[in-house]
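Trainee: Before I ask anything, let me first share the structure, which is written out below as structure tokens.
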Amino acid sequence: MCVYIYMNKGILFVAIDQSRPLSDQGPFDIVLHKLSGSKWSRILEDYRQTHPHVAVLDPPDAIEQVYNRQYMLEDVADLNLSDSYGTVGVPRQLVIETDPSSISDAVNKAGLALPLVAKPLVAKSHELSLAYDTLSLQKLEPPLVLQEFINHGGVLFKVFIVGEAVKVVRRFSLPDVSKRELSKSAGVFHFPRVSCVAASAEEADLDPCVGELPPRPLLERLARELRRRLGLRLFNLDIIREHGTKDRYYVIDINYFPGYGKMPEYEHIFTDFLLNLMKQK
């Protein structure tokens with residue numbers, strides 16, 4: 001964050017000392033946090049009860065939902081968004097909590113198609129793996145979520161949401177997997193995170209069918225609905241468009257209070273968001 005921009009607008013950030021009671025610190029107008037856990041949740045809830053004039057971003061129980069990949073995408077699936085601009089869904093997925101030896105049978109029973117993306121069940125880790133065959137599934141370490149891999153031209157769209165502001169950027173992603181490649185490949189390949197496979201795709205010379213941004217009205221409607229359903233105001237979405245289609249999109253991940261450094265004009269957008277929040281109080 002650019003401190004000078006915030007100071008010029010009269011905004012001062014003060015670090016919270018977790019070793020001291022929250023009520024003894026401040027006074028605060030807004031509490032920004034990324035912490036989790038039952039102890040911190042109780043502290044924040046007690047503080048909200050005794051300081052109703054202070055805005056807490058965001059409610060701990062709402063944050064916990066997107067930290068668990070078993071429930072993270074439920075609101076997107078329930079939304080079942082479809083209009084003239086396109087459809088938005090989620091990949092088919094399966095939760096594996098224990099016993100790696102049972103993964104193959106569970107995948108076959110669920111009817112999931114290879115390759116599969118494996119992600120830790122707790123979303124605080126961004127590591128992922130791509131499994132090409134059923135035997136290799138036993139090498140994975142539960143608890144995890146298995147998602148069907150959807151070819152998407154090797155590009156994903158990171159949609160940043162700050163209050164009512166919505167910004168989108170392109171990022172390189174995992175490359176497509178052809179049927180021929182799938183038939184000849186085996187094993188599990190590990191990646192640090194899907195959007196770190198390569199650098200930003202903003203300046204790349206992409207096929208328009210791959211690089212064209214999702215329609216603005218579709219993203220704004222999706223953001224508006226998820227703000228309401230998730231109860232969050234600071235998050236981003238990782239969205240892909242199924243390769244070979246013009247308007248079929250999938251949300252593959254939701255991140256709470258992400259690093260906004262890659263978001264265009266984030267300093268001014270975040271400043272305006274905080275000031276508007278104060279005006280609404």
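Every residue, even glycine, has its Cβ placed from backbone N, Cα and C.
Predicted automatically and left uncurated, TrEMBL annotations should be read as such.
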Trainee: Need a hand: TrEMBL gives Lys34, His126, Asn255, Gly259 for 1D-myo-inositol 1,3,4-trisphosphate, which of Lys158, Lys167, Lys179, Lys184 is also on that list?
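Mentor: Record source TrEMBL; matching candidate: Lys158.
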Trainee: Quick one, of the binding-site residues Lys34, Arg69, which Cβ has the fewest other Cβ within 10 Å?
Mentor: Lys34
Trainee: Tell me whether Asn255 (1D-myo-inositol 1,3,4-trisphosphate binding site) sits in a helix, a strand or coil according to DSSP.
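Mentor: Where Asn255 (1D-myo-inositol 1,3,4-trisphosphate binding site) sits, the three-state DSSP reduction gives strand.
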Trainee: Given a 10 Å Cβ-Cβ cut-off, pick out the one of the binding-site residues Asn151, Ser173 that has the most other Cβ atoms nearby.
Mentor: Ser173
Trainee: Please name the residue among the binding-site residues Gly153, Gly259 whose C-beta has the most neighbouring C-beta atoms within 10 angstroms.
Mentor: Gly153
